[in-house]
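Asks: Let me give you the structure first, and then I'll get to my questions.
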Amino acid sequence: MTQGRQKDELKDITLLGNQNNTYEFDYRPEVLETFDNKHQGRDYFVKFNCPEFTSLCPITGQPDFATIYISYIPNIKMVESKSLKLYLFSFRNHGDFHEDCMNIIMNDLINLMDPHYIEVWGKFTPRGGISIDPYTNYGRPDTKYEKMAEHRLMNHDMYPEKIDNR
C-alpha cells in the first residue's frame, strides 16, 4: 500500500495553503520551492499549463500575454505548483523578449530541480499581427534525455495549428 507524504517531507513547502502570500510583480526566482520525487526509478512527464502568463516588451513596455506549457521528467526534486504560479506571476513587470522569458524560465527550473528533461513552450497572443511561440528544451548531457531533447527539438511544431487569434 502506498502512503501519502509525511510532514517531514513537506517541511520546505511554505507557500501552498498559506493565505498570506504576496504577489510580487518583479522577477523573483527565489520564490520557487521543491519537494522530493517519490518515484525516482520511473520516467514520467509532469506538465503545467499556464494560460495567464504576462511579461512586458523591453522596448515599448506594452504587456505581452501567453499560455506557457512546461513539461519535464523529474529526477530527484519536483517544483511545487503554487510556487511556480507565484514565480510566473513575478514576470508581470519583467521587460524581456518572449524568447528570453522562455529560456529564463527553463534555466531557473533546471537550476532548481536538475530534471532529466524539460521543455518550455510559450504561445504568445499576437501583437502587430504576429504571434510568437518560442520553444526551448534541455536533456541531461550524456544520457538518453540529451538525445530525446535533440529529437523533440528537430521535430517540434512540424504541423502547426490553425491560428485564429488564440
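Glycine too: its Cβ is placed from the backbone N, Cα and C atoms.
According to Swiss-Prot, the feature active site, thioimide intermediate maps to C57, an assignment based on sequence analysis. Among the features that Swiss-Prot reports, active site, proton donor is placed at D64, with the record citing sequence analysis. As annotated by Swiss-Prot, substrate binding site applies to V79, E80, S81, H98, E99, with the evidence given as sequence analysis.
What's the neighbourhood like for each of these?
Replies: Same-chain residues at least 6 positions away in sequence with a Cβ under 8 Å from that of C57 (active site, thioimide intermediate) are, in sequence order, P63, D64, G95, F97, R127. DSSP assigns C57 (active site, thioimide intermediate) to coil in the three-state reduction, placing it in neither a helix nor a strand.
Secondary structure from DSSP puts D64 (active site, proton donor) in a beta strand.
Around the Cβ of E80 (substrate binding site), 19 further Cβ atoms fall within 10 Å across all displayed protein chains.
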Asks: Could you say which of the recorded positions D64, E99 has its Cβ with the most other Cβ atoms inside 10 Å?
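Replies: The largest 10 Å Cβ neighbour count belongs to D64.
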Asks: Please give the substrate site's span as the largest CA-CA distance among V79, E80, S81, H98, E99, to the nearest whole angstrom.
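Replies: Output for substrate binders V79, E80, S81, H98, E99: max Cα distance 24 Å.
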Asks: Under a three-state reading of DSSP, tell me whether E99 (substrate binding site) is helix, strand or coil.
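Replies: Reduced to three states, the DSSP call for E99 (substrate binding site) is helix.
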Asks: Out of V79, S81, H98, which of these binding-site residues shows the lowest number of other CB atoms within 10 Å of its CB?
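Replies: If we count Cβ atoms within 10 Å for the binding-site residues V79, S81, H98, the smallest count is at S81.
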